[in-house]
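Colleague: Pulled the feature table from TrEMBL, pasting it below:
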- 129-269: domain 'Fatty acid hydroxylase' (DOMAIN)
- 449-619: domain 'Very-long-chain aldehyde decarbonylase CER1-like C-terminal' (DOMAIN)
- 47-71: transmembrane segment (TRANSMEM)
- 92-110: transmembrane segment (TRANSMEM)
- 122-141: transmembrane segment (TRANSMEM)
- 187-209: transmembrane segment (TRANSMEM)
- 321-341: transmembrane segment (TRANSMEM)
Amino acid sequence: MGAPLSSWPWQNLGSFKYLLYGPLVANVIHSKAWEGGKTEGVWCLHILILFALRALIFQLWWTFSSMLFLTRKRRIIKEGVDFKQIDREWDWDNFFIPQAFIAVLAFYFFPSLRKLPVWDIWGLFIALVLHVGVSEPLFYCTHRAFHSGRLFNYYHSLHHSSPVPSTFTAGHGTPVEYMVMSLVMGLPLIGAGLMGAGSVGLFYVYVLLFDFLRCMGHSNVEIFPSGFFEAVPLLRYLIYTPTYHSIHHIEKNSNYCLFMPLFDALGGTINTKSWSLQKEISSGKNIHVPDFVFLAHAVDAVSSMHASFAFRSFSSMPFRILPFILVLWPGAFLIMLVMWACSKTFLLSFYNLHGRLHQYWVVPRIGFQYFLPFAKNGINEQIESAILRADRMGVKVLSLAALNKNEALNGGGTLFVNKHPNLKVRVVHGNTLTAAVILNEIPKNVKEVFLTGATSKLGRAIALYLCRKKVQVLMLTLSTERFQLIQKEAPEDCQQYLVQVTKYQAAENCKTWIVGKWITFREQRFAPTGTHFHQFVVPPIIGFRRDCTYGKLAAMKLPLDVQGLGMCEYTLDRGVVHACHAGGVVHCLEGWTHHEVGAIDVDRIDIVWKAALGHGLRPA
């Protein structure tokens, strides 16, 4: 058994824990608090509103700190927040529940709270004095105690188990810690109330400011310019900085204060690096150049909310449509229009693999825009700008995602390589590994496959590879000319295995379909029972047939030693990336110096596959 009060009673309830707020909601409804009903109901309404706003503050700080295109130069700890930390902090808001009920109990124990004015300026002054004189030293002493022996091992070590401080780390703790925190937070409010200077406004202002400062300290982003403290040195002792508190999380033996380093100064526990490191971080010069960049794009407005800076719990799981996401869709669509008008390619996320920094950059366009004739030039300008920026920075490999390498858009990247022949960054479409993944999914005993999207880059490579293996390929295409060009590329003794078909009915007896072009339910009906649909079409086809099986988009699982990865790629599982992404990773790890654009070199499919396995990547 663990130590007493080292875990929350509702930690296994998941989302059902929010039902514990039910009595407060019922009280509000029963008293019609919004119409000025019973005082008790109005108080419960304020509590619910206040705690919703508190959650919003945590969320907004997470969003800000995770917008790497704004904060990357001022990040304190350079590592990323990975899936393990996200899971560990999943129920970061557990402490809201007891604090809500403590607030309810205060209503009954302190009658002065029952008829509070909207605002009293003296209350703010009294609360400030009590905060500095009581809450700050109380927190300092108890926090320092929590860093000793058993108290740390049994209680406070949970808070420090997160290697990279984040906004939600501020809420990640044990019941004992939050009993102390509730006392620290509550004393100035209760004191102001007992002195007759309490107000509803004071509760909102003090509690929200308290959470704001805690989130700031755990944000892992330095927001204060060093000149701020150089101009007024006294301020160093009146307000802590994110760097100041991050040092506490790194070394755990200094910088114990709540918000005011004055108490560390009085206790002799200020870390000597606090101000020099803050100055270094705030300069914004500590930038790491990535070795590899995956240039991605959103599929649609809904999936754009799967970005890591939007909702951490949502982006850390494979994308799925949830009710709250549909509610937010109009806002996402509006943001998409704004980005279409004025946004540039931006940094979304990153991870480290084998000592190399890998980053996600995003072209601010979504799926349908790639098929608008008038948008073609603008999209290519965005991609070209990203390639040139990567080249100036010293990036080694840049891989193009899905529609960013569309043949009709830029010839699979050839447009940029031909236009800029002296590029040092290697532009890669990753299709060679995509083809390898699909081909290695096909059972060895298969003698016939049906291929749609047969004359595309991937379709061509798959057809040529399979015919060399004496597998008959039914190539669905209306263009005899394009079919014959591909057929002529095959060895003479293998050309007979490539067969042109023009209708889906031709595959009525073929149980292996490789789908490179979107197919409807009507077209899927021609597949016999037991068919397996392999696919390389974006977005993936909808699985209408229950008597058939559907493969996911070609993907590979990154090696186990990947670090700082906390975001899922679209519908893929954790730690899994699309094959075109993985292809760029392999290109980088191998140190290959050639571009991989345009047509796929069929002879390299097995080479790239073996290289991927050699670096620890595995089929998803």
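Cβ atoms here come from the backbone N, Cα and C positions, even for glycine.
Just so you know, TrEMBL annotations are computer predictions that nobody has curated.
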Colleague: Provide the three-state DSSP residue tally for the domain 'Fatty acid hydroxylase' (129-269): helix first, then strand, then coil.
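Modeller: Helix, strand, coil within the domain 'Fatty acid hydroxylase' (129-269): 100 helix, 1 strand, 40 coil.
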Colleague: If contact means at least 3 Cβ pairs within less than 8 Å, sequence distance 6 or more, would you call the transmembrane segment (187-209) and the transmembrane segment (321-341) in contact?
Modeller: no
Colleague: Which residues of the same chain, at least 6 past either end of the transmembrane segment (47-71), have a Cβ under 8 Å from a Cβ in it?
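Modeller: Sequence-distant neighbours of the transmembrane segment (47-71): 21, 24-25, 28, 92-93, 96, 99-100, 103-104, 166-168, 170-171, 203-204, 207-208, 211-212, 215-216, 219-221, 308-312, 346-350.
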